[in-house]
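Each remark here refers to the structure printed beneath this line.
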Amino acid sequence: MKLLLLTLTVLLLLSQLTPGGTQRCWNLYGKCRHRCSKKERVYVYCVNNKMCCVKPKYQPKERWWRF
């Protein structure tokens, strides 16, 4: 009985401590966050009003129009 109670307690704590994951954006290359890390840049905004943080290598390159 004590083992069952201990197991349930541990499972409850683990479910509360582990994050459910962050929402993905920009073709699954970015993550919706309140703040971006130093190696990431904001390119668009997510549906939940958070910033879509994307590493620069996954952002599209700007092309100049040719006339």
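Backbone N, Cα and C atoms are what each Cβ position is placed from, and that goes for glycine too.
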**Q.** Record Swiss-Prot, residue Cys32, disulfide partner from Cys46, Cys53
**A.** Cys46
Q. Choosing among Cys52, Cys53, which residue does Swiss-Prot name as bonded to Cys25 by a disulfide?
A. Cys52
Q. Once the chains shown are all counted, how many other Cβ atoms turn up within 10 Å of the Cβ of Cys52 (disulfide bond)?
A. 22
(Q) Return only the integer: C-alpha distance in Å from Cys25 (disulfide bond) to Cys32 (disulfide bond). (A) 7
Q. Counting all other Cβ atoms within 10 Å across every protein chain shown, which of the disulfide-bonded residues Cys32, Cys53 scores highest?
A. Cys53
